[in-house]
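Enquirer: Copied straight from Swiss-Prot:
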type	residues	note
TOPO_DOM	1-7	topological domain 'Cytoplasmic'
TRANSMEM	8-28	transmembrane segment
TOPO_DOM	29-470	topological domain 'Lumenal'
CARBOHYD	ASN32	N-linked glycosylation site
CARBOHYD	ASN73	N-linked glycosylation site
CARBOHYD	ASN105	N-linked glycosylation site
CARBOHYD	ASN236	N-linked glycosylation site
CARBOHYD	ASN274	N-linked glycosylation site
CARBOHYD	ASN299	N-linked glycosylation site
Amino acid sequence: MRDYIPKYLNAFLLAFATFAVGFAIFIAKDSNSSSHLYFSTSSSLWTSSFSPAFITVSIFLTVHRFREKRKRNGSNPGSGYWKRDGKVEAELATARVLIREAQLNYSSTTSSPLGDEDYVPHGDIYRNPYAFHRSYLLMEKMFKIYVYEEGDPPIFHYGLCKDIYSMEGLFLNFMENDVLKYRTRDPDKAHVYFLPFSVVMILHHLFDPVVRDKAVLERVIADYVQIISKKYPYWNTSDGFDHFMLSCHDWGHRATWYVKKLFFNSIRVLCNANISEYFNPEKDAPFPEINLLTGDINNLTGGLDPISRTTLAFFAGKSHGKIRPVLLNHWKEKDKDILVYENLPDGLDYTEMMRKSRFCICPSGHEVASPRVPEAIYSGCVPVLISENYVLPFSDVLNWEKFSVSVSVKEIPELKRILMDIPEERYMRLYEGVKKVKRHILVNDPPKRYDVFNMIIHSIWLRRLNVKLL
């Protein structure tokens, strides 16, 4: 930080930050709700302990960092750089004010007062339904995404729309065909810029499984960023802060490492949202891993009513990673209520088992994300999350505690007791929460308002609101 801030500002910033912390603590203690402190993450917009002071400090330091970096590089944001359309930043500034106003005026006893012919967010599955609704409507009204046209399929502008990486392919194809309605052909009017490469397709077509040279990612992605940064002014103007990439591949985070500004500055939208692998929820956005085996999106949802669900908990899956071996060691085919299998026995159907279970166990494998989480929600089965360092999808908006159960690795031996001890009243609230949240995890073609694809866009929108560019 000292490299970016002149010495004469250190004392001022220290005093200002101290005041901000004190102010936030006062506000938090005075609140009837949680006393947690939230810095400039997107989740701060939805929590009642929100402190505008922290946002102000963060924005000031971010803008100051841009200015100082350019001065040291012999350039000036007002000279030799493309001048950003003032309307773009003015729109974002207006959105910030309106969203904060909605957050501060929120009452837990009311839903959003805003009109909406399709859906009005309400209930405790949201951190703040009013602020979310206000933000979503503003996004629909003003958010514009520019998709760089450079690059050819199948590496760029294209992705596979089936199997475990289907979400990456579907998003690329929807953006390419402007199905989501946020794309602009005028880059000067854009709020964010999309780098339309597919990590899955790079590895599928260019990666040699024998040689296993991961440098192919570096060559493709670094070359692409170099091309667009020379042809257009937008990357250099913002240092990549208003650019984003999206990947559901396990190596999605690795793919960004080879371009440091992409790794540290840009919005990385990843299924594998692992904090231990430098996923930064202040700027990066998690989204769900959904396994569309054949690409068919019909009949994804279903399930019995709570009274007819005869199985307490269910899991079937291979033993890999650090968590699953622990689960299988303790529970594999050892209990009539906790049904855990490494290989599903003949005569049992995976989907039907989820649809008749009260709880679906969702342990991380090699990577933190698991397609079992959306599968459980589709089945009306309360997810039991067993993971470490995993940032849950859309957790800046959704309150996962209201429709899932979290169990730590050390609590795996006590899994049955934990689930049996959940009162029926609480289980019913969790079950109803799963039914409500399904709308936001569901895959639709074409996409529908508030579905998983629009929620991904909303996550990107929130990250863009966290950055102020001059």
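A Cβ is built for glycine as well, from the same backbone N, Cα and C atoms used for every other residue.
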Enquirer: What does DSSP assign ASN236 (N-linked glycosylation site), in three states?
Expert: helix
Enquirer: Report the member of ASN105, ASN236, ASN274, ASN299 (the glycosylation sites) whose C-beta atom has the most other C-beta atoms within 10 angstroms.
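Expert: Per the Cβ count, the most surrounded site is ASN274.
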Enquirer: Give me the Cα-Cα distance between ASN299 (N-linked glycosylation site) and ASN236 (N-linked glycosylation site), rounded to a whole Å.
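Expert: So the alpha carbons of ASN299 (N-linked glycosylation site) and ASN236 (N-linked glycosylation site) sit roughly 46 Å from each other.
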Enquirer: How long is the line from the C-alpha of ASN236 (N-linked glycosylation site) to the C-alpha of ASN105 (N-linked glycosylation site), rounded to the nearest angstrom?
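Expert: Cα-Cα distance, ASN236 (N-linked glycosylation site) to ASN105 (N-linked glycosylation site): 39 Å.
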Enquirer: Rounded to a whole angstrom, what is the C-alpha distance between ASN105 (N-linked glycosylation site) and ASN274 (N-linked glycosylation site)?
Expert: 33
